[in-house]
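Colleague: The ATP binding site feature in Swiss-Prot is assigned to G172, G173, A174, G175, V176, G177, K178, T179; the stated evidence is sequence analysis.
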Amino acid sequence: MRINPTTSGSGVSTLEKKNLGRVVQIIGPVLDVAFPPGKMPNIYNALVVQGRDSVGQPINVACEVQQLLGNNRVRAVAMSATDGLTRGMEVIDKGAPISVPVGGATLGRIFNVLGEPVDNLGPVDTSTMSPIHRSAPAFIQLDTKLSIFETGIKVVDLLAPYRRGGKIGLFGGAGVGKTVLIMELINNIAKAHGGVSVFGGVGERTREGNDLYMEMKESGVINEENIAESKVALVYGQMNEPPGARMRVGLTALTMAEYFRDVNEQDVLLFIDNIFRFVQAGSEVSALLGRMPSAVGYQPTLSTEMGSLQERITSTKEGSITSIQAVYVPADDLTDPAPATTFAHLDATTVLSRGLAAKGIYPAVDPLDSTSTMLQPRIVGEEHYETAQRVKQTLQRYKELQDIIAILGLDELSEEDRLLVARARKIERFLSQPFFVAEVFTGSPGKYVGLAETIRGFQLILSGELDGLPEQAFYLVGNIDEATAKAMNLEMESNLKK
């Protein structure tokens with residue numbers, strides 16, 4: 001088996017003019033390789049170690065050049081386990097960076113860091129390859145117009161809107177609905193924007209990656225009958241992989257997303273789960289590469305590595321990559337260098353709350369903790385901004401009153417506060433919404449709610465026009481008209497029971 005061949009500028013396969021070296025040192029996932037004088041590979045070139053281990057099994061380990069050491073030696077990081085490697089083994093310089101398949105043929109498939117399919121569905125039907133190391137788009141290519149990326153999810157669009165071509169941090173513990181929210185976003189971008197998604201599983205649990213794949217097949221995001229109809233490509237470099245793979249798998253996913261943006265001119269959603277593991281993998285190999293550790297033991301190149309990934313995620317005049325990144329916060333310390341460096345790049349945060357999930361309000365997005373730089377009157381308009389601020393004020397006041405309600409009960413509140421609490425509870429329930437991808441589990445059809453409809457609904461609740469409706473009428477509905485229809489149905493049902 002050979003790694004995906006790359007071609008040099010002349011179109012000649014680099015394997016035809018082999019540049020051979022030898023392994024001279026192995027320290028865990030890091031190898032030193034000696035090459036003949038004058039034939040040194042460039043930094044980021046792909047190398048392949050070939051040979052046989054002690055029991056005669058073939059070895060084929062891809063590496064990436066990280067440092068030129070002098071004395072005709074280079075230091076490289078392995079992309080797979082280095083078990084069985086010995087000094088003196090032959091190393092082939094590919095003459096180009098790791099290249100991965102791109103284009104429509106990647107949809108519905110699962111890849112590893114090298115762009116090799118790992119889903120047992122045969123080879124990928126494409127000859128289009130792209131190197132994982134590229135420079136960010138030039139400033140003149142960027143689309144600097146600020147525009148909102150409508151998701152069709154009420155709580156997100158109203159209170160913490162996403163920027164088209166922006167970066168969003170997704171915070172939440174286990175079991176609060178991260179995966180379902182991610183799948184709904186993948187579904188909605190395909191329906192509303194004709195876009196596709198790329199999911200990069202960076203250093204997370206293999207079981208979760210498998211569960212996500214199964215759930216995507218179940219909900220139709222991946223179409224098993226006609227794989228080309230799928231809406232997402234998956235790239236996994238999970239916890240069991242060596243740090244080299246976890247450090248580069250984010251770039252593999254990003255490269256696939258860039259092709260959809262630049263060549264197909266589509267809107268793309270790029271999911272990275274988890275951006276912290278990207279930093280963690282870099283820190284694991286940093287010391288082995290001989291770099292002095294920086295604050296809290298992280299690599300000294302932390303900001304540069306993060307910047308080189310994040311700056312490629314942007315809107316150009318062709319299309320956009322909007323990125324949603326799950327952020328693990330070690331020991332809940334927001335000042336830790338890894339999350340602190342990530343925050344500098346984010347345009348919005350979506351915080352999932354266990355309290356809301358426990359109440360059964362899904363999506364369990366915390367309306368007061370979630371933020372967005374887009375929520376400004378000059379960007380979203382006065383009407384949207386005013387409505388969002390009034391919703392937040394109402395919910396904040398309700399939060400302040402909850403202790404009093406718990407101790408003394410609702411009756412001890414003033415008339416004004418009782419009215420505010422009733423509206424806040426309606427708002428809280430109206431922020432819930434049935435999802436398309438959860439239809440299989442809930443039985444209720446999913447709803448995509450446009451931004452104008454969302455604003456109209458919350459304005460009606462705030463104005464007091466719907467004070468007479470029961471609060472359960474607002475739970476798990478789409479737009480406000482469905483809430484009024486549900487209220488009428490509830491009334492009819494209660495009359496029939498009488």
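Quick reminder: no glycine exception, Cβ is built from N, Cα and C everywhere.
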Colleague: What is the set of residues, excluding G172, G173, A174, G175, V176, G177, K178, T179, whose C-beta falls within 8 angstroms of the centroid of the C-beta atoms at the ATP site?
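Modeller: Leaving out the recorded residues gives L352, A357, A364.
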Colleague: If one looks at the chain holding G172 (ATP binding site), which residues at least 6 apart in sequence have a CB under 8 angstroms from its CB?
Modeller: K178, A326, V351, L352, S353, A364
Colleague: Relative to the Cβ position of K178 (ATP binding site), how many further Cβ atoms are located within 10 Å?
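Modeller: The Cβ of K178 (ATP binding site) has 21 Cβ neighbours within 10 Å.
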Colleague: Long-range same-chain neighbours of G175 (ATP binding site), Cβ under 8 Å, sequence gap at least 6?
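Modeller: Non-local contacts for G175 (ATP binding site): A357.
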Colleague: Please list residues from the chain of V176 (ATP binding site) whose Cβ is under 8 angstroms from its Cβ, counting only those at least six apart in sequence.
Modeller: L352, S353, R354, A357, A364
Colleague: Determine the most Cβ-crowded residue among the binding-site residues G173, G177, using a 10 Å radius around each Cβ and all protein chains in the structure.
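Modeller: Compared across G173, G177, the most Cβ atoms within 10 Å surround G177.
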Colleague: Validating a neighbour-count step here. Other CB atoms within 10 A of the CB of A174 (ATP binding site): how many?
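Modeller: Its Cβ has 7 other Cβ atoms within 10 Å.
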Colleague: Just how many other Cβ atoms lie inside 10 Å of the Cβ on T179 (ATP binding site)?
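Modeller: Step by step: centre on the Cβ of T179 (ATP binding site), count other Cβ atoms within 10 Å, giving 17.
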Colleague: Does DSSP give V176 (ATP binding site) helix, strand or coil?
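Modeller: V176 (ATP binding site) sits in coil per DSSP, no helix or strand.
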